[in-house]
């Protein structure tokens, strides 16, 4: 029996911290599906298609990773339909855990067969958040140590595009 997990997130952009959590999940599960949440409530820098392209590029070396988009609906329903036994969540700090713990309880209520697995990234990524990466990059800071080169190119292009508009 294949042990499958889903790893949901906005991934705006996908960072080395996300990649680290994914690699840790692959040590536990046979297959991990990265699920991009469209999340209309969040203001994103990149479109869903741009984020999908970046994640595909970063994970293409892994034969046991797939990528999909959750356009609408409940994550618990998506997990059930995908045949996943677990939802992987990266937790960098206590405040992440508090929110994720509440969500895991709700998901367990909706889909008792699924387990939420909390994974901590390598300590060098504990302060790396997509929000910080976006802000630093858009201000011209060097984020090359925190994202894949393909993602860095996309961030630089987005910054150049914004600078051209002002």
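Cβ coordinates are placed from backbone N, Cα and C, and glycine is handled just like the others.
Here Swiss-Prot flags 10, 42, 75, 89 as substrate binding site. Secondary structure at residue 89 (substrate binding site), as computed by DSSP, is strand. Cβ neighbours of residue 89 (substrate binding site) (same chain, under 8 Å, six or more residues apart in sequence): 7, 8, 100, 103, 104, 116, 117, 118, 119.
When secondary structure is read from DSSP and collapsed to three states, residue 10 (substrate binding site) falls in the coil class. Packing around residue 10 (substrate binding site) is summarised by its Cβ count: 17 other Cβ atoms lie within 10 angstroms of its Cβ, all protein chains included. Look at Swiss-Prot and you will find 10, 11, 18, 90, 91, 92, 100, 125, 126, 127, 128, 129, 130, 131 tagged as ATP binding site.
Taken from Swiss-Prot, the feature site 'Transition state stabilizer' applies to 18. Less than 8 angstroms from the CB of residue 18 (ATP binding site) sit 9, 11, 90, 130, each of them six or more residues away in the same chain.
A gap of 14 Å separates the Cα atoms of residue 10 (substrate binding site) and residue 128 (ATP binding site).
You'll find the Cα of residue 128 (ATP binding site) roughly 19 Å from the Cα of residue 42 (substrate binding site).
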